[in-house]
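Going by Swiss-Prot, these are the annotated features:
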- Gly48, Lys49, Gly50, Gly51, Val52, Gly53, Lys54, Ser55: ATP binding site (BINDING)
- 1-18: compositional bias 'Low complexity' (COMPBIAS)
- 1-20: region 'Disordered' (REGION)
Amino acid sequence: MAEECSGNCDSCGSSSDCSDTKKMMEQQNAQIRDNMSKIKYKIAVMSGKGGVGKSTVTVNLAATLNMMGYKVGVLDGDIHGPNIPQMLGVDQIQPMADENGIYPVSTPQGIKTMSIGYFLPDKNTPIIWRGPKASGAIRQFLSDVNWGELDFLLIDTPPGSGDIQITTLQAIPDIDGVVIVTTPEEVSVLDARKSVSAANTLEIPIIGIVENMGGFVCPECDKVIDIFGKGGGEKAAKELNVFFLGRIPLDIKARVASDRGVPMVTMDCKASEEFKKVVNTVLERIKKE
């Protein structure tokens, strides 16, 4: 629809274009509904700001569920920062496609993934897209990707609460809820509060808040040191009447694993232990709904 649209279709020379676009959107919505109907739980992972470990939480939530025997898919909705392929060690693989749609790239463990990162010529190529084009790509991943039957689809959304995030959340029929990721410091917690408000405005259930980087595990003594402060996520959860899912500490072992494309939950470390507790709490929460 043109930016100067008066709302009077009878006097508009572009009304046929609008009509065609509307039909295409309706067809795409129908395809999204059909695709998503084969997936039991749809969970979005959000953050109010970048750099808090949202993608790390998404990847390890997926890996833990996969280790528990669930069929899991991950949609990398962070169009301008598509890191999921590298974090799962499948960044050298390209998706296949035929008349039935685009097929997700599967990890050796069987986690299905889709990301704009698979379609870039190299890792240094930026995505210089405005909001509508980026939103359209996410809708296409929901409609055209042949996800098949899954127990869980996790959507790694872009940071913030703008048009791309809204389009993503509203495009998913019967979304089961959002997990909001923050770090302990006040600036991050402030942005997490905005994510809570955005989810409430869109009437999407909030599964809970995860406090990532909740302390640093000393590699010498294994003691957790609160270098970013302590308890900011839990405090915000109480004030906002949102469930607190747990704290994930920074762990050098986890960082090394992530750089190699290996989820931290496969490692023997404190971060892995705490993350598995978070996942069990998420399962309890969604199965109560």
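Positions of Cβ are set from backbone N, Cα and C atoms, glycine also.
Shown on the structure are the features that Swiss-Prot records.
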| residue | record | CB count, 10 Å |
| --- | --- | --- |
| Gly48 | ATP binding site | 24 |
| Lys49 | ATP binding site | 18 |
| Gly50 | ATP binding site | 15 |
| Gly51 | ATP binding site | 10 |
| Val52 | ATP binding site | 25 |
| Gly53 | ATP binding site | 21 |
| Lys54 | ATP binding site | 27 |
| Ser55 | ATP binding site | 25 |
Apart from Gly48, Lys49, Gly50, Gly51, Val52, Gly53, Lys54, Ser55, which residues in this chain have a Cβ no more than 8 Å from the mean position of the Cβ atoms of those residues at the ATP site?
Ser47, Pro159, Val181, Thr183, Ser188, Asn212
Specify the secondary structure state of Lys49 (ATP binding site) as given by DSSP, simplified to three classes.
coil
